Amino acid sequence: MTVLIIGMGNIGKKLVELGNFEKIYAYDRISKDIPGVVRLDEFQVPSDVSTVVECASPEAVKEYSLQILKNPVNYIIISTSAFADEVFRERFFSELKNSPARVFFPSGAIGGLDVLSSIKDFVKNVRIETIKPPKSLGLDLKGKTVVFEGSVEEASKLFPRNINVASTIGLIVGFEKVKVTIVADPAMDHNIHIVRISSAIGNYEFKIENIPSPENPKTSMLTVYSILRTLRNLESKIIFG
């Protein structure tokens, strides 16, 4: 598999380290050269690339997606908070209808998306509570504080890099059905996501506590392995979930 990785932060570097690729291209505006990786000075999708992995930012998703969709590639997107922007969301999916690309949204930092996608037509509402250390939100607080309650769209304007989980859920069931609560807790050194699903099929609750990556406490290693699983599934004859 030949891949193009957009973003050479902690996630991108881990993919290079742990992935099994024939060739790796990378596009990153600030990263230095990495051994074994062909760095692109300008954004493009080389003709031998079969899979594009975005692990940069919601801004990168908005800037490069329409160009990527012109190519017959597998496009894996992590920064799903870009889709909280309704205008971009509508344009993206309009372009996708006639695109030769296939788009994949890994589960990222949470689980339970197999359940959610299976019953999406029966979901009444989803409530997601995210508990984070204040520093990861750019805050300096002394006590546990609810810093936000509301829609995914509203949350994305205040915390654009902390709403990927809620945005992925919104893409599955519809953003209008998702309510977000963000809690900053100084006692926490990791992130907790609690997802509560109410549906005509049943009611479900998932609690995910992620251990931060040693290299970057803001990143969950589960996200890295979620991308690797998606990459393996592209070539596997057996797929679970």
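Glycine too: its Cβ is placed from the backbone N, Cα and C atoms.
What Swiss-Prot annotates here:
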type	residues	note
BINDING	Asn10, Ile11, Asp28, Ala56, Ser57, Glu63, Tyr64, Ile78, Ser79, Ala109, Asn164	NAD(+) binding site
ACT_SITE	His193	active site
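Where Swiss-Prot records a feature, it is marked here on the structure.
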residue: Asn10; record: NAD(+) binding site; Cβ within 10 Å: 19
residue: Asp28; record: NAD(+) binding site; Cβ within 10 Å: 20
residue: Ser57; record: NAD(+) binding site; Cβ within 10 Å: 18
residue: Tyr64; record: NAD(+) binding site; Cβ within 10 Å: 20
residue: Ser79; record: NAD(+) binding site; Cβ within 10 Å: 23
residue: Asn164; record: NAD(+) binding site; Cβ within 10 Å: 24
residue: His193; record: active site; Cβ within 10 Å: 22
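Taking the Cα atom of each, Asn10 (NAD(+) binding site) and the residue listed as 'active site' are about 21 angstrom apart. Here the CA atom of the residue listed as 'active site' lies 17 Å from the CA atom of Ser79 (NAD(+) binding site).
Under the DSSP three-state reduction, Tyr64 (NAD(+) binding site) is assigned to helix. Taking the C-alpha positions, the distance from Asp28 (NAD(+) binding site) to His193 (active site) comes to 29 Å. In this structure, the CA atom of His193 (active site) is 12 Å away from the CA atom of Asn164 (NAD(+) binding site).
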